[in-house]
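Straight from Swiss-Prot, the features:
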ACT_SITE  12  active site, nucleophile
DOMAIN    12-231  domain 'Glutamine amidotransferase type-2'
BINDING   247, 393, 448, 451  [4Fe-4S] cluster binding site
BINDING   294, 356, 357  Mg(2+) binding site
């Protein structure tokens, strides 16, 4: 569904390259391919081997770099970031990469995808020790930990600092002479490494490699730190306490269909989810349609499995200005009609299966069901290609309270009545794992299922949780 309307948003995307004369330009194109991961801000920091130069701003990547600013960022290495704010707010000071300059130790740039669940505790400790924070972003915590580390080399300072962090993080760190890549011990966020000639490329999604012409090498492993400089790439471990738990929503919703995560194509996974959904809850109907864009693959899979024709029953308007999209519920509801239209010629007089990837608040689903009925659909059967999202996420998705999750307090039947569908079905957790290609009976399935099951792969600290949801979360 539409991220801006739906209220289900990912924090950001990161891209980095080392060893190319046009590193900032390539980073620009890489970030453009990751724009779906964040639209509130973008930035690029580059190094020429002696100094770091940067430009960043609020808005889309094309808005931030529109008046020749890109030509001012020069170097053979660069890291970039597109942001959706889930921690710290969306102000300019929080736009990444964050750049820290020191007369004694040189400069350091940080780009981060994820969310640190112990950031509040660490920040308080650092402030008690005299650290002064310039932003409200949890990313800045790492910079202060590095600065205060007692280790001699930057590599050891970073490894020591990373060992103190809890939560989800895919970090790109750049100095004048090297780029360092790190992924949390659970591997909650995707991060891949590739090659572009002799240059090393790192990105949140493999679709960025295709756009810039890079060749995929492998995934960055959980607990792994890569040190990339003019001498090549070296891999080290900063944690041996590994428990791979890739966010399931990356397959269901966030990532582009042409990306691969852990060797699994996102489009194929979503199509399989639709097939599993058909196995679990088929219904008699005349036409299947998907809510664009992220649900189309699942809808195709559902149609193939049931033999019901797939049709383009909903159209997305791609030219609604971003300034319209606001976080208020009233504008979010009105936004559905501006962003989506039902195709009367497809759905009129038909029993329609509407496939969507998830339900968060239920508001958008209700509006779309109403839209289909107004276009003449005689029945609307809603099929969701994921289990009910009943628990908050603290790892970088903008769902931090139970109150904003309708499945947290409503049964499936109550949700069906709320959205006005004839029937409503969610995919089971078992169906989700099988669709992605994981073993359901595996004690470590490789996926984070916390928003469905309430079982979090890391400790959840009290200050991470808003007071009115502490008790519910901390007892899981």
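Glycine too: its Cβ is placed from the backbone N, Cα and C atoms.
Residue 451 ([4Fe-4S] cluster binding site) falls within a helix when secondary structure is assigned with DSSP. Here the domain 'Glutamine amidotransferase type-2' (12-231) has a mean pLDDT of 93 out of 100. Each residue contributes its Cα atom, and for residue 393 ([4Fe-4S] cluster binding site) and residue 294 (Mg(2+) binding site) those atoms are 20 Å apart. Among the recorded positions 12, 393, 448, 451, the residue whose Cβ has the fewest other Cβ atoms within 10 Å is 393. Cβ contacts within 10 Å of residue 294 (Mg(2+) binding site), excluding its own Cβ and spanning all protein chains shown: 27.
In the three-state DSSP scheme, residue 356 (Mg(2+) binding site) is classed as strand. In this view, residue 356 (Mg(2+) binding site) is surrounded by 24 other Cβ atoms within 10 Å of its Cβ, with every protein chain counted. In the three-state DSSP scheme, residue 247 ([4Fe-4S] cluster binding site) falls into the strand class. Put simply, residue 12 (active site, nucleophile) is 14 Å from residue 247 ([4Fe-4S] cluster binding site) when counted between their Cα atoms.
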